[in-house]
């Protein structure tokens, strides 16, 4: 019988490598190099969300779309140039991602107090946390020390960001590919308790699917014609669209998921039990969401001497 030692050594090596990555990020990374960084970001996020409640969801989504494409490295913020193709024109991002101007403003403020110290990737992670909290959601300790990429991947953005048309199995696989569990996926999907969806992403659901509340479908059709209005938007959680709570899950129990992928979390499958728990226990949802987004924030960060600290989040130095 073959010796189990090579396998055991491989497992130990992988665990050690994972520990090294997490160890390179720390909650107090900027305590000495830029002690006012976090308060500066928090104040700017609060101001932006107070000015436009929808911005909270937009900033949270930027962090998600950043981390799912080659890790949390700020690549989503890079603009296209004649010699460089970024991720902003990828199908999941084009005419959809927003909040770049808010990140620019935060970066300018942080650069003003600590030039080239705080990364754009870390700003995204902190802004996501502060956005959720500003809209009534939980807070969590953000691990810091990410550096910014000098590259981006349009193809990976097109392929790795979960599509709103996915069934439960493919959703689970999409998150699993990033080291996130089914539990993480269901919790992170609760981010859809805030934010808006484009008509093009739910048109087929409201006109063709049967596991949808008829009153919701009728209401959505008024702003999403059968053949036009692709960019018309509607709230993902019509009950409390600008409050981070558990109404997203309550809606799913009543077949009021706006996206196909949303309703997959309560459709007679393996996600039903967790969705039901979250619908009646917001504290459990908040705890699981916080743990899952910290885990997501640890996806393949650039640390140490890898990457750079961009002066301008839209372009490499």
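Placed from the backbone N, Cα and C atoms, the Cβ positions cover glycine too.
The Cβ neighbour count for residue 65 (active site, proton acceptor), using a 10 Å radius and every protein chain shown, is 22. The active site, proton acceptor feature in TrEMBL is assigned to 65.
A C-beta separation below 8 Å, combined with a sequence spacing of at least six in one chain, links residue 162 (substrate binding site) to 68, 170, 171, 174, 175, 261. Sequence annotations record features per position, and here TrEMBL assigns substrate binding site to 162.
Positions annotated as disulfide bond by TrEMBL: 34-114 (among others).
A 10 Å cutoff on Cβ-Cβ distances gives residue 67 (disulfide bond) a total of 29 other Cβ atoms nearby, all chains included. According to TrEMBL, the disulfide bond annotation covers 67-72 (among others).
The feature disulfide bond is assigned by TrEMBL to 120-313 (among others).
Around the Cβ of residue 199 (disulfide bond), 20 further Cβ atoms fall within 10 Å across all displayed protein chains. The disulfide bond annotation in TrEMBL covers 199-224 (among others).
According to TrEMBL, the domain 'Plant heme peroxidase family profile' annotation covers 24-317.
The C-beta environment of residue 61 (site 'Transition state stabilizer'), restricted to residues of the same chain at least 6 apart in sequence and closer than 8 Å, consists of 97, 99, 191, 195. Here TrEMBL flags 61 as site 'Transition state stabilizer'.
The two recorded residues residue 114 (disulfide bond) and residue 313 (disulfide bond) have their Cα atoms spaced 15 Å from each other. Residue pair residue 34 (disulfide bond) / residue 313 (disulfide bond) shows a Cα separation of 18 Å. It is 313 that, of the disulfide-bonded residues 114, 313, has its Cβ surrounded by the most other Cβ atoms within 10 Å. Within the same chain, the residues at least 6 positions away from residue 224 (disulfide bond) whose Cβ sits under 8 Å from its Cβ are 199, 202, 203, 206, 232, 234, listed in sequence order.
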